Amino acid sequence: MTSISLKSVPLTALFGIVVITGFLLTGLFADLLAPFAETEIVGMEFEPWGGDYLLGTDNLGRDMLSRLIFGARNSIGIALATTVLAFTIGTALGLLASVLGGLTDQALSRLVDMLIAIPSLVFALLLLSIFGTSILMLVLIIAMLEMTRVFRLSRAVAMNVVVMDYVEAVRLRGEGLGWLVRREILPNIMAPLVAEFGLRFCFVFLAISALSFLGLGIQPPTADWGSMVRDNAALITFGDITPLLPAGCIALLTVSINFVVDWMLHRASGLKD
Amino acid sequence: MTLHPLVSMILHRLALGLLTLFAISLFIFFAIELLPGDLAEEVLGQSATPETVEAFRRELGLDQPAMLRYFNWLGGVVRGDFGTSLANGRDIAELLAGRFANTLFLAIYAAAIAVPLSITLGLLAALYRGSWFDRAVNILTLTSISFPEYFVAYILLLYFSVTWGLFPSIADFGSDADLSTMLFRTFLPALTLVLVVTAHMMRMTRAAIINLLAQPYIEMARLKGASPVRVILRHALPNALAPIVNVVALNLAYLVTGVVIVEVVFVYPGLGQLMVDSVAKRDIPVVQACCLIFAGIYILLNLGADVLAIATNPRLMHRK
Amino acid sequence: MSDTLLTIRDLRIEGRQGDIWQPIIKCVDLDLRRGEVLGLIGESGAGKSTLGLAAMGYSRDGTRISQGSVTFDGMDLLGMSERRRRGLRGKRIAYVAQSAAAYFNPAHRLIDQYAEAPTSIHRLIPRGQAEQEAREIYAQLRLPNPDEIGFRYPHQVSGGQLQRAMTAMAMSCKPDLIIFDEPTTALDVTTQIEVLGAIRDVVRELGTAAIYITHDLAVVAQMADRIKILLRGEEVEEQPTRDMLAAPKEEYSRSLWAVRSFTSEEKSAPASDEVPVIRVRNVTAEYVRGAPVLDDVSFDIHAGHTVAVVGESGSGKSTTARAITGLLPPVAGAIELDGAALPAQLAARSKDELRQVQMIYQSADTALNPKQTIREIIGRPIRFYLGLRGKAQEEKIRELLSAIELEPDQFIDRYPAALSGGQKQRIGIARALAAEPRFIICDEVTSALDQLVAEGILRLLKRLQEERGLAYMFITHDLATVKAIADYVVVMQKGRVVEQGPKGQMFSPPHHPYTKLLLSSVPEMDPDWLDTTIQDRKKG
């Protein structure tokens with residue numbers, strides 16, 4: 001069951017895996033791949049495609065292709081860090097709530113209910129207006145918002161395991177919390193959590209890029225796909241598709257992740273019966 | 001006095017909603033207190049002299065205790081008075097009124113198309129699950145929910161407005177436009193929103209129905225000779241209403257609160273754009289007001305979904 | 001009109017496992033005359049339900065009919081269009097399922113679901129007539145308030161009533177054939193007898209033919225004219241009911257009968273001054289304040305003895321176990337271990353106190369962590385309680401595996417998913433033994449198992465008790481199990497102990513009225529048992 005033959009992977013998922021790998025490698029080796037430096041002004045503003053600048057230059061005369069490549073590192077890196085943070089906190093609290101139950105569960109669940117009752121983009125805007133826009137703030141704020149969703153899911157799936165007789169047997173044995181969580185519960189909820197990680201990453205990635213697009217996320221001169229759309233948006237009214245390139249990169253990556261997650265979920269549900 | 005269980009449950013949810021709104025208002029107000037300095041210092045910046053900061057503080061009432069300011073603010077909000085903008089000194093309530101109407105108009109426009117469309121598509125996909133239609137819809141909607149809104153918006157803008165010149169790229173219709181002009185001028189933002197929310201609602205509708213198809217009572221319906229259409233509409237749908245209503249409410253809430261991006265792309269004078277501008281200008285009273293209104297709508301819609309879900313559940317409607 | 005209603009020839013059905021199709025039914029023939037009742041019996045996995053559904057030309061998702069023919073009243077069920085098949089289903093062939101609570105749509109009232117087939121789907125009669133007929137048939141099935149019960153939702157009606165309402169629904173188009181798929185298995189014994197009686201009378205009066213699927217020989221003896229036995233998708237034998245009961249031909253059929261005869265000698269009562277291993281003393285427990293689920297429960301369990309706690313669902317037998325283990329601390333009374341009071345709360349008990357009380361669960365599927373190997377599952381309590389590691393731990397695991405009659409080399413590295421139901425249950429026993437306890441609670445440990453497998457588990461438990469002097473508390477609703485293993489019996493009803501005493505005394509009169517009802521409700525092999533018992537009850 002663990003070995004997956006390449007043939008059984010659907011085309012969409014295969015496509016997704018290839019694209020995700022491509023983007024990750026691009027991000028990792030951005031220094032080697034990019035023809036120019038991230039913030040270097042190399043030519044005139046809005047130079048057309050071709051010649052020295054394969055995809056032209058942006059609103060300040062920086063090389064578009066190089067910025068797209070560095071954008072892969074920055075945009076994906078920041079979103080990944082945020083997702084990891086959201087997951088660590090959300091899963092830890094979710095497990096705690098499900099295992100301890102009672103007051104701990106009540107308190108955490110009500111708190112999360114309240115946080116979820118505020119639409120997250122609005123919430124993020126409020127916090128950014130108060131604390132100002134810096135990458136650290138952005139990561140912390142989005143992580144806190146997404147943490148609530150991770151909490152709900154991990155609590156729900158852990159609850160399904162906690163009611164099992166083998167967990168009762170372990171409690172009756174007198175085992176501590178650490179054993180219960182690490183050895184009995186976590187191994188049984190990994191599959192849904194991994195799928196959720198993919199979906200959460202997409203949400204985080206889209207949320208940060210939306211804020212950047214609004215000029216409230218990742219700040220210049222850092223190359224970032226969301227802000228690059230904003231910087232070059234004016235071109236669209238002249239029928240130039242350059243601003244669609246960074247937007248397309250975002251779309252391509254999230255589509256790919258969704259394809260892979262969709263396949264994973266389908267497999268998991270298929271294995272049940 | 002005994003109330004019908006439905007009535008008492010609605011009252012219970014209503015109280016819970018009000019409580020949440022109250023908690024959010026507390027949060028919105030006191031989040032600012034977390035700043036190292038205060039609002040006056042933040043707004044005026046490093047270069048301001050202590051005297052100007054002090055004067056500004058008095059003007060904002062910051063010399064009073066936070067608790068008192070909170071209740072003054074809340075009292076004002078309840079009466080419809082949100083204070084004045086820091087950026088231009090205008091009355092916030094006035095500033096919001098017109099824009100709020102615009103945002104609602106766009107949301108209703110999009111919802112009127114998206115809700116019936118997505119539920120129909122969801123039911124069809126569930127009925128013909130596994131067919132080429134289902135697979136195509138699956139890939140299309142998966143793609144659509146993965147796209148950033150501005151990507152969809154710019155593609156539509158590029159083709160419908162720039163290339164083909166069918167619809168205007170700027171969605172501002174002025175104050176005295178008639179309905180058909182309004183619908184025409186806001187067609188592109190509405191279409192963007194429809195594309196974004198339809199995919200999500202349709203997928204959830206399909207999933208909610210298909211989840212139920214493994215239920216024994218669905219097998220029973222088939223063994224009674226019911227046709228596939230009858231199985232879906234009469235046996236699965238009534239039991240899937242609660243999750244469908246929920247996801248519709250969630251998307252309606254999104255249409256009101258998440259339209260920020262679309263409003264910015266199409267330069268539409270709605271509440272979202274106002275909020276973004278105010279965040280950039282750090283016009284905090286306006287941000288607070290927008291935030292409270294958005295939260296209120298969000299809670300109201302969720303409340304509506306809860307009540308509908310209860311009303312469609314015979315276990316809750318008809319007690320033992 | 002020919003006398004034959006249903007003919008199945010050379011039927012093969014396959015089920016998908018991953019990418020491979022595995023046979024479920026291998027070449028089965030079946031004949032049914034009008035008005036005849038055929039009993040279909042076999043253990044789980046024998047393919048009974050699959051065969052029953054195939055008689056309607058229906059195969060579940062993930063299964064397919066790969067070969068053979070099903071002829072219903074001269075029509076080829078498998079060859080005709082799906083639309084025509086739908087026209088027969090519900091109208092001329094109907095289905096009654098095991099769990100009525102799951103097979104009724106929670107969103108519609110009983111009467112709407114009754115009327116759906118005759119009015120909306122098959123358009124035989126107008127709605128008013130359907131409602132009138134529903135009332136009549138509800139009355140015939142002895143449902144309370146037949147005029148209004150139809151206007152309730154499924155969740156407002158009890159399990160036994162729902163099962164009868166489902167039989168009524170199957171009757172709504174006056175079908176020629178009804179498939180009954182374990183219709184009383186999920187019910188308590190005292191409810192089962194009423195439903196059995198009601199179903200049989202209606203089937204007889206209307207002259208409907210039926211295929212009655214069950215794993216319970218005594219039940220099928222009451223219901224069927226003929227009995228067909230299935231084993232792993234193949235027919236073992238078929239005979240008229242009385243012949244089958246009197247003289248089964250095949251080895252397998254005889255083994256099914258033999259299970260019932262397993263009993264053990266009752267041990268002599270312990271000396272009056274012997275301190276019991278476990279004493280439950282005047283325990284009262286509640287989940288909600290003021291609503292006790294256990295009310296003043298007392299009994300003793302001695303070393304080397306088995307106490308069976310018997311009762312129907314909701315009687316408080318599992319709650320008693322929760323009170324003993326400390327999961328539900330009593331509000332009054334106490335649990336004593338070897339004469340010393342155990343702390344009421346689980347968290348307050350010492351490691352040694354925890355070690356002494358072990359538990360084996362009903363469903364071996366949920367009792368073993370699917371992500372741990374047998375070595376980890378059994379090894380952990382050995383290390384936790386006895387402090388053994390490395391080689392000593394490994395030896396102990398192997399010793400335990402041998403004790404539960406599983407070959408260590410073959411099983412030690414397996415995951416639970418690679419075990420059969422009986423093997424899983426044995427691992428559950430080994431895990432309990434690993435703590436070297438003095439007392440084990442066995443919660444319905446055999447009720448999810450087939451009879452032959454269950455018997456093996458009972459013999460194993462008996463042997464381990466003799467070797468190790470263990471005290472058992474056996475929670476069960478099955479009186480055959482009680483007869484097989486108990487020394488002492490506690491009968492519970494609604495959280496109270498209604499009667500207790502040594503086994504011999506409990507199974508012979510005079511009885512407490514509830515014990516009598518319970519004993520007399522257990523079906524017996526005698527085909528006349530149902531008639532006699534119902535007659536007796538009417539008199540008494």
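Placed from the backbone N, Cα and C atoms, the Cβ positions cover glycine too.
A quick note: this is a predicted structure, and the numbers were derived from the prediction, not measured.
According to TrEMBL, the protein carries these features:
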| type | residues | note |
| --- | --- | --- |
| TRANSMEM | B:12-32 | transmembrane segment |
| DOMAIN | B:100-305 | domain 'ABC transmembrane type-1' |
| TRANSMEM | B:104-127 | transmembrane segment |
| TRANSMEM | B:139-162 | transmembrane segment |
| TRANSMEM | B:182-202 | transmembrane segment |
| TRANSMEM | B:240-266 | transmembrane segment |
| TRANSMEM | B:286-311 | transmembrane segment |
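Contact between the transmembrane segment (B:12-32) and the transmembrane segment (B:182-202) is not supported, since fewer than 3 Cβ pairs fall under 8 Å when only residues 6 or more apart in sequence are counted.
Among the listed stretches B:104-127, B:139-162, B:286-311, the one sharing the most Cβ pairs under 8 Å with the transmembrane segment (B:182-202) is B:104-127.
Packing against the transmembrane segment (B:139-162) from elsewhere in the chain are residues 168-169, 188-189, 191-192, 195-196, 198-200, 202-203, 258, 261-262, 264-266: each is 6 or more residues past its ends and has a CB under 8 Å from a CB in it.
Remote same-chain residues near the transmembrane segment (B:104-127) are listed as 133-134, 137-138, 182-183, 186, 189-190, 193-194, 197-206, 208-210, 213, 228-229, 232-233, 236-237, 244, 248, 251-252, 255-256, 259, 262-263, 268, 270 (criterion: CB distance under 8 Å, separation of at least six residues from the stretch ends).
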